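Got a structure for you, written out below as structure tokens; questions coming shortly.
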């Protein structure tokens, strides 16, 4: 059995296959995922698992050099923005319109669906390198 915190086999595989500048998205239960993009559906109930639980777990495994968030999170979900910044205080953030973020999912290796039910709880993680 794996010793690390990430025990979901699909998430482990996707993260292991990622290289520098590759992207992975984590989002709320309502985010539409483009056809052809792998969706790893973890949602089991309202808020289970939460966006922050999944993000925290992924950050145990993935080196992240930049994150992308919807511009709307600033006004529509400032608490979630505060939580993300607290978890990743040194990581640069690029804000974009939510409509552009949905289009950018086409450039992600996978989308991880959580049980989160709060608006604009979506992130794109850009992979860094560990050396």
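Each residue's number is its place along the chain shown, starting with 1.
Placed from the backbone N, Cα and C atoms, the Cβ positions cover glycine too.
Small disclaimer: the values here were computed from a predicted structure and weren't measured.
The following feature annotations were taken from Swiss-Prot:
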- 20: active site, proton donor (ACT_SITE)
- 28, 98, 120, 121, 122: substrate binding site (BINDING)
Sequence gap of 6 or more, Cβ distance under 8 Å: name the residues on the same chain that satisfy this around residue 121 (substrate binding site), in order along the sequence.
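Those within reach of residue 121 (substrate binding site), by Cβ under 8 Å and sequence separation of 6 or more, are 27, 28, 51, 73, 77, 80, 114.
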What span in Å does the substrate site cover, taken as the longest CA to CA distance among 28, 98, 120, 121, 122?
13
Among all chains shown, work out which of the recorded positions 20, 98 has the most CB atoms within 10 A of its CB.
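Compared across 20, 98, the most Cβ atoms within 10 Å surround 98.
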Can you tell me the CA-to-CA distance separating residue 120 (substrate binding site) and residue 20 (active site, proton donor), as a whole number of Å?
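Rounded to a whole number, the Cα-Cα distance is 26 Å.
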About how far apart, in whole Å, are the alpha carbons (Cα) of residue 98 (substrate binding site) and residue 20 (active site, proton donor)?
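Approximately 24 Å lies between the Cα of residue 98 (substrate binding site) and that of residue 20 (active site, proton donor).
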List the same-chain residues at least 6 positions away in sequence whose Cβ sits under 8 Å from the Cβ of residue 122 (substrate binding site), in sequence order, or say none.
25, 26, 27, 28, 31, 69, 70, 98, 101
